[in-house]
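Remarks on the structure that follows.
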Amino acid sequence: MTEQDNILNSSQPSLPKYRRNILLVGTPGTGKTSLAKRLTAVTPLTHIEVGKFAEEHNCLGSYDEQLECFEIEEEKLIPILANFLKPGGYIVEYHGCEWLTSCKIDLVLVLQTETAPLYDRLKARGYSGRKLEENMECEIMQVILDEAYGCFDKQKIWVVPSNNEQDLEDTVERVKKFLESSN
């Protein structure tokens with residue numbers, strides 16, 4: 001049995017109360033992690049940050065010097081993540097969604113942020129040069145939203161503003177209602 005077989009057959013956590021999986025996508029800096037933390041604090045859902053999950057399951061490729069991050073070996077990660085998500089009860093966080101279509105996803109939240117707060121957030125993270133420009137352009141051109149519409153049924157997609165604390169709280173309340181009505 002290979003290491004990947006062991007991972008695929010490893011025991012899953014106990015089945016959660018809510019069996020829905022929610023995918024949070026958006027340009028870096030739009031508040032995905034903040035929203036995921038809030039949701040896990042008020043629901044029984046478990047947060048999976050795809051980059052960390054990929055690292056934990058040895059699915060990282062080479063380092064991209066220009067984008068200052070590791071590439072994810074999608075072909076290796078997809079079957080592991082898809083198997084992990086089968087029982088439901090997860091918040092999956094990633095910047096895009098094109099290769100997550102084979103995973104069980106019940107709701108896709110596309111977080112969008114106005115350019116001024118997004119720019120400030122990215123600068124505060126130390127983004128500069130090409131990385132800053134590409135992320136700002138991605139948000140302005142709505143690349144993640146277009147990708148979501150190309151990958152998932154429109155009915156599964158919520159476009160949510162993520163400019164301030166009130167936006168965050170409003171989204172948390174909407175998601176809680178969704179989970180309660182679909183359980």
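From the backbone N, Cα and C atoms, a Cβ is placed for every residue, glycine too.
Just so you know, TrEMBL annotations never went through curation; they're auto-generated.
The shown structure was predicted, so the numbers you read here are calculated from the model rather than taken from an experiment.
Annotation comment: TrEMBL describes Gly29, Gly31, Lys32, Thr33, Ser34, Arg125 as ATP binding site. Look at TrEMBL and you will find 49-72 tagged as region 'NMPbind'. The annotation region 'LID' is assigned in TrEMBL to 124-134.
All features noted in TrEMBL, drawn onto the structure.
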| residue | record | contacts (Cβ under 8 Å, 6+ apart) |
| --- | --- | --- |
| Gly29 | ATP binding site | Thr113, Leu118, Arg121, Leu122, Arg125, Tyr127, Asn135 |
| Gly31 | ATP binding site | Leu111, Thr113, Ser162, Asp167, Leu168 |
| Lys32 | ATP binding site | Leu24, Val25, Gly26, Glu93, Tyr94, His95, Leu111 |
| Thr33 | ATP binding site | Glu49, Glu93 |
| Ser34 | ATP binding site | Leu168 |
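Report note: the ATP site is defined by Gly29, Gly31, Lys32, Thr33, Ser34, Arg125, and the residues of the same chain whose CB lies within 8 Å of the CB centroid of those residues, excluding them, are Gly26, Pro28, Thr30, Leu35, Arg121.
Within the same chain, residues 28-29, 66-68 sit at least 6 positions outside the region 'LID' (124-134) and bring their C-beta atoms closer than 8 Å to a C-beta of that stretch.
DSSP assigns Thr33 (ATP binding site) to a helix in the three-state reduction.
In the three-state DSSP assignment, the secondary structure recorded for Arg125 (ATP binding site) is coil. Counting every protein chain shown, the Cβ of Arg125 (ATP binding site) has 13 other Cβ atoms within 10 Å.
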